[in-house]
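Structure provided below as structure tokens; questions to follow.
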Amino acid sequence: MAVSELTEPNRTAKSAPPVKQRTGGRGPRGRERWYAYGFLSPGLIGLTVFTLFPVGMAVVMSLHEWPIFGERSFLGIDNFRHLLAEDPTFLVSVRNTFVFTALFLPLNVVLSLALAFWIANCRARQVFRVLFFIPTITPMVVSAVIWKLLYQPDGVFDHYLGSWFGVDAPNFLADPDTAMFAVVAMSVWQGIGYNLIVFSAAIDALPTSVLEAAEIDGARGLVKFLRVQLPLMSPAVFFVTTMTMITSMQVFTQTYILTKGGPGDSTVTMVQNVYENGFISRDLGVAAAGAWLLFAVILLITAVQFVGQKRWVHYEH
Amino acid sequence: MSTDSRTLARANSARQQGSWWTPRRVVSHVLLVLVTFLFLTPVLYALATALKPAGETFASPPSLVGSSVRWQNFADVFDYLPFQRFVVNGLLVAVVGTLVVLAASSLGAYAFARLRWRGRESLFLLFLGTLMVPQEVLVVPMFILMQEFGWVNSYQALVFPWAFTAFGTFLLRQFFRQIPYELQEAATLDGCSPLRTFRSVMLPIAKPALGVVAVFTFISYWNSFLWPLIIVNDVHDLGTVPLGLSLFFGQNSNQWHLVMAASVISLVPTLLLLIALQKHLVKGIAATGLAGR
């Protein structure tokens, strides 16, 4: 959504007749201003105390040695240098986070898009939307705990891989070769319902006239999908990939419950690195620096996506 | 755009091409139901395990029903750990947090949508901008702030730090802007102050939007894990459900039947909300793109 669209007063606002002329600080218009400040104050004070101030603090903290207890001292960019050059788990966590995103994002988008088209022909598609949304709305800790049970040796996956396919399944979560895939599979299951609803709503909003015209022109099946439906849905696809990328770079809870970052450090993510630096090693300065690096990476990828969208996203119908 | 008329149009075109229930369509539907069932197996399996006697979790071959159906497991969860406490804590934090969010964001949204004052658009941009900051950047300084307030390990710390995000303000502003100006003017002409207009005219109309904000806010409080993990020292006293569950799980990871019973209990409130919300689910997500994550 363009920013101008959000801030520009809408038409009704513009056409509203100015009931009273401007009278500075007095009269009804002046009163309205004071009312506005009154209405705004709880939210604005809250946002200042709990968001704006912490953001500023986070900058300051990232430049200091800042233990939870004890003396603070100014370091400059040493925390960042430490993370990028000395901390062995940080770079691993960056790699793991990218691997997770690179697997999770396309799987999630492709599967939810396919599913959205599948249910589009159903009159009962609202039922499917709700059913597929159940994991998304379930606490992540609960989903992860349930999947941990499925992944156990002698668990369901192990058993059926053996009895149906004769495959001797690995110990999914304890094997460094499979742990990340196991985390991704669980996350796709958990996250698919959200994107399904966005895509499903986008399919419902496709202009029937255009689709019918395309059908008359002989567009069917895959051609219709690739040349007509997908371009028409490109804003939704862009929205979904951007949002999913942002959230998947912030992956933490499921890896923390499923593997605690292990085995070894094969599933440690950037957020877990921030958490452990800050609240296990109690070095808040390094944690703040790590959080800023994560934010920088997210901003960078988002910026690339926004620049790239001009080439494939069509906003006009 | 009306979904019903579209569905009708599709149904008509399908009828022109032949019957609705072509064999292909039947197969597609049957497969879809099958896939949905497979998709939900983990949840069903959790419920099945929660009802099995101890020690039968890894019976081979896996079965849905154990040697007996033990509803007692659900009661045992509450004996094993202060699970009751976690549920009460979770509900308390989520309900109070939701009320604070509703109050602060509806007031702010009204000022942004319907009152005229200088600096409105630039301040709104600032609000929007804060939505970009990820929670991870905020948790570290937030911890220091809580230390300064003396709020470490307290209910206040679980509620207030996340009650002023711009998400609710944004969603409600979009909604207020769709309400006809005439309503507001009529109220003003009748002598209503902005406060009265807000309370008696705008809020009642905004009920559906308030409901969407309330449900998504409740869920994000109820499900939140990272912040309680950081700020709660005494899990037995102040733990919320996800935190308590992870502790329980860490201590009793071989008691799968109890862990699953606790998990099933934990997903009941969100499941109920999902059912309550389902009519607004699509609109809520389409309107914000931010909710419920």
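Including glycine, each Cβ sits where the backbone N, Cα and C put it.
Curation plays no part in TrEMBL annotations; they are all automatic predictions.
As annotated in TrEMBL:
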DOMAIN    B:87-277  domain 'ABC transmembrane type-1'
TRANSMEM  B:26-48  transmembrane segment
TRANSMEM  B:86-112  transmembrane segment
TRANSMEM  B:124-146  transmembrane segment
TRANSMEM  B:152-172  transmembrane segment
TRANSMEM  B:209-230  transmembrane segment
TRANSMEM  B:256-277  transmembrane segment
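Give me the local environment of each listed feature.
Long-range Cβ contacts of the transmembrane segment (B:26-48) within its own chain (Cβ-Cβ under 8 Å, at least 6 residues beyond either end) map to 63-65, 260, 263-264, 267.
A Cβ distance under 8 Å defines the sequence-distant neighbours of the transmembrane segment (B:124-146), meaning residues of its chain 6+ beyond its ends; these are 108, 112, 152, 154, 157, 161, 165-167, 169-170, 173, 226-227, 230-231, 290.
Listed as Cβ neighbours of the transmembrane segment (B:209-230) (distance under 8 Å, sequence separation of 6 or more from its ends, same chain) are residues 90-91, 93-95, 97-98, 101-102, 105-106, 135-136, 139, 142-143, 158-159, 161-162, 167-168, 171-172, 175, 203, 239-243, 246, 269-270, 273, 276-277, 280, 283-284, 287-288, 291-293.
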